[in-house]
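Feature annotations, courtesy of TrEMBL:
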- B:51-69: transmembrane segment (TRANSMEM)
- B:Pro135, B:Thr136, B:Tyr137, B:Asp166, B:Arg209, B:Arg214, B:Asp239, B:Asp240, B:Asp241, B:His355, B:Thr356, B:Arg357: UDP-alpha-D-glucuronate binding site (BINDING)
- B:Asp241: Mn(2+) binding site (BINDING)
- B:Glu272: site 'Interaction with galactose moiety of substrate glycoprotein' (SITE)
- B:Glu328: active site, proton donor/acceptor (ACT_SITE)
- B:Asn347: N-linked glycosylation site (CARBOHYD)
- B:Asn365: site 'Interaction with galactose moiety of substrate glycoprotein' (SITE)
Amino acid sequence: MKSLLFSRFLLLLPWVLIVIIVLDIDSSRAPLPARVPSGGGAGRGEPRSSAARPPPQRRPEAALPTIYAITPTYSRPVQKAELTRLANTFRQVARLHWILVEDAAARSELVTRFVAGAGLPCTHLHVPTPRRYKRPGLPRATEQRNAGLAWLRQRHQHLPPPQPGVLFFADDDNTYSLELFQEMRTTRKVSVWPVGLVGGRRYERPVVENGKVVGWYTGWRADRPFAIDMAGFAVSLQVILSHPKAVFKRRGSQPGMQESDFLKQITTVEELEPKANNCTKVLVWHTRTEKVNLANEPKYHLDTVTIEV
Amino acid sequence: MAWSVMGLCGESPNPGPSLGKGVACLCVPATQGNEELWVQSVLEMPKRRDILAIVLIVLPWTLLITVWHQSTIAPLLAVHKDDGGDSQRDLAAGLDSKEYCLSERDIVEVVRTEYVYTRPPPWSDTLPTIHVITPTYSRPVQKAELTRLANTLLHVPNLHWILVEDSQRRTPLITRLLRDTGLNYTHLNVETPRNYKLRGDMRDPRIPRGTMQRNLALRWLRETFNKNSSQPGIVYFADDDNTYSLELFEEMRSTRKVSVWPVAFVGGLRYESPHVNAAGKVYGWKTVFDPHRPFAIDMAGFAVNLRLILHRPQAYFKLRGVKGGYQESSLLRELVTLNDLEPRAANCTKILVWHTRTEKPVLVNEGKKGFTDPNVEI
């Protein structure tokens with residue numbers, strides 16, 4: 001009899017263990033697409049508990065929507081410096097996924113090494129810009145941003161809606177305050193905010209009345225449908241996925257119309273959500289870095305070691 | 001599979017009936033030693049039940065092992081498990097001749113640090129404090145520069161930011177910015193005397209920019225910290241438009257006297273660095289612009305131990321009569337000799353700080369009187 005019970009127990013033991021572990025995984029994994037929480041507090045990434053027996057009353061925190069930052073980049077002396085300080089900012093933001101797209105025919109070693117040690121979730125893509133599009137006056141980084149969009153669409157195509165997530169385009173020389181990410185996380189469709197040091201002015205911003213965007217306060221071509229800079233808006237992932245053909249266009253796109261051409265495919269001015277205190281605070285600046293003076297670099301008698309800068 | 005069956009069989013003296021499920025003991029014959037009996041019983045057991053029983057035993061253990069494997073990796077990769085699956089998928093045909101490569105290996109490596117977003121990191125009792133002295137002055141990009149510098153400094157444990165404004169009074173912009181970052185900071189100000197003979201708001205061009213502010217910070221340090229106190233500290237001069245990697249701060253923390261490293265984008269070169277000999281000592285400077293300066297190094301290329309600052313109270317940056325590029329020498333020659341310098345950054349072969357400069361923004365559309373609302377702070 002005793003041996004019978006014992007053997008029965010041994011048979012049931014693995015099943016019981018499985019049930020416990022599955023319960024533990026389910027409770028510690030982020031829950032399925034939840035409603036977008038209102039207002040972000042400082043996102044906390046709690047260390048995952050791997051307790052064998054999860055407390056049954058503990059509900060996991062409503063998952064913060066992931067912010068996807070698409071950054072086109074190209075090789076020049078200050079590239080690593082720009083990416084470093086951008087990474088230092090992004091690492092302060094919870095649940096941010098960085099999509100870095102190189103303007104190159106192949107992945108460069110510098111960026112590959114950088115991504116490996118970046119310290120935040122990062123996707124490294126690359127797509128070269130055709131030579132004929134590299135003239136001054138033509139829109140830049142179109143192919144790279146489209147590559148980021150394509151990757152994002154592909155990644156989510158099999159998952160059921162609603163997909164929480166916010167996407168924005170982060171150029172590698174701009175400056176972002178941490179408050180900006182809190183503001184954009186609550187985007188339902190497309191949100192907008194002021195941008196500093198752009199358009200020949202201290203700042204540009206959407207004009208807001210009664211919580212709706214009614215016009216554009218800008219120094220350059222205010223007649224554009226969306227007179228806003230690339231750094232001045234964010235789009236929710238759901239909108240991107242439900243408009244699979246919305247991409248940045250090259251043909252027929254006038255200079256400065258890139259943002260307008262893109263946004264008019266996915267939204268209207270009435271639907272825009274103003275952020276940053278009804279678009280009265282500047283949380284992102286369109287800084288540009290000076291071209292580096294390398295006049296003293298020798299043509300001959302190069303250094304004995306090769307150092308990456 | 002065999003061992004589990006064996007285990008079960010081993011426990012019971014009589015294999016067949018005691019299990020009650022008709023498990024065939026394939027390995028251990030009955031202890032009675034009656035081979036014919038055993039073979040017979042094996043053949044008699046209904047095969048379907050055998051298989052069912054074996055499956056019933058094997059299945060949970062395999063499930064257990066895979067689930068356990070997953071559960072230990074899940075905390076690290078929970079966010080990125082989707083990424084792993086992507087690499088196998090074919091790309092959409094609509095994108096002609098473009099290749100999107102997903103660096104899946106990189107994604108896995110990158111999630112080493114599990115960031116808990118409380119900033120700044122908690123104060124440690126064992127790490128020496130790094131006192132970062134940043135002079136700043138008012139211009140359109142000031143808030144942007146200080147914001148991204150603060151975003152970097154927020155990663156560094158035991159950091160004390162000494163921000164010195166070039167202004168008559170402490171400005172509300174800086175006061176608010178410092179308070180909102182949450183950093184451990186000291187806010188000072190001293191105005192470089194303006195040269196009123198020149199038109200406009202021109203500073204006295206004979207005084208290099210930032211000198212009075214750095215000197216004020218040094219004086220503050222000497223007044224605040226007792227010479228004999230054992231609080232370890234490192235002093236570093238960080239301009240607000242440079243770019244700093246986080247590794248740099250850890251390299252300088254172990255400074256005993258003065259440590260040095262290469263700086264990118266100075267002196268018209270990709271980088272300037274000290275010459276380090278095989279013994280790990282600095283014996284010269286790899287620069288094109290005046291390499292015979294006593295210390296041909298940029299402000300961002302060295303750090304000083306606080307004790308040294310406190311023990312040499314007369315050491316300051318020279319205010320006037322300083323040739324271009326000799327500012328750093330004017331301080332360092334009072335503190336240390338070439339022999340005492342400690343090379344860092346892998347014997348001065350890695351670039352951890354870049355002397356970037358930010359373009360002056362084009363504000364033509366503001367016009368003479370200013371177009372935008374001056375109350376909106378940028």
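Note: Cβ is positioned from N, Cα and C throughout, glycine not excepted.
Keep in mind that what you see is a predicted model, and the values were worked out from it rather than measured.
Shown on the structure are the features that TrEMBL records.
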residue	record	Cβ contacts under 8 Å, 6 or more apart
B:Pro135	UDP-alpha-D-glucuronate binding site	B:Val164, B:Glu165, B:Asp166, B:Arg209, B:Gly210, B:Gln213, B:Arg214, B:Ala217, B:Asp239, B:Asp240
B:Tyr137	UDP-alpha-D-glucuronate binding site	B:Glu165, B:Asp166, B:Ser167, B:Arg209
B:Asp241	UDP-alpha-D-glucuronate binding site	B:Val141, B:Glu145, B:Thr356, B:Arg357, B:Thr358
B:Glu272	site 'Interaction with galactose moiety of substrate glycoprotein'	B:Pro262, B:Val263, B:Val266, B:Trp285, B:Lys286, B:Thr287, B:Ala296, B:Ile297, B:Asp298, B:Gly301
B:Glu328	active site, proton donor/acceptor	B:Phe295, B:Ile297, B:Asp298, B:Met299, B:Gly301, B:Phe302
B:Asn347	N-linked glycosylation site	B:Val276, B:Gly280
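Ranking the recorded positions B:Thr356, B:Asn365 by how many Cβ atoms sit within 10 Å of each one's Cβ puts B:Thr356 at the top. Looking at B:Arg209, B:Asp239, the binding-site residues in this record, the fewest other C-beta atoms within 10 angstroms of the C-beta turn up around B:Arg209. The full span of the recorded UDP-alpha-D-glucuronate binding residues, B:Pro135, B:Thr136, B:Tyr137, B:Asp166, B:Arg209, B:Arg214, B:Asp239, B:Asp240, B:Asp241, B:His355, B:Thr356, B:Arg357, taken as their largest Cα to Cα distance, is 21 Å. Using a cut-off of under 8 A between C-beta atoms, the recorded positions B:Arg209, B:Asp239, B:Asp241, B:Glu328, B:Asn365 that neighbour chain A are B:Asn365. Under the three-state DSSP scheme, B:Asn347 (N-linked glycosylation site) falls in the helix class.
Secondary structure from DSSP puts B:Pro135 (UDP-alpha-D-glucuronate binding site) in a beta strand.
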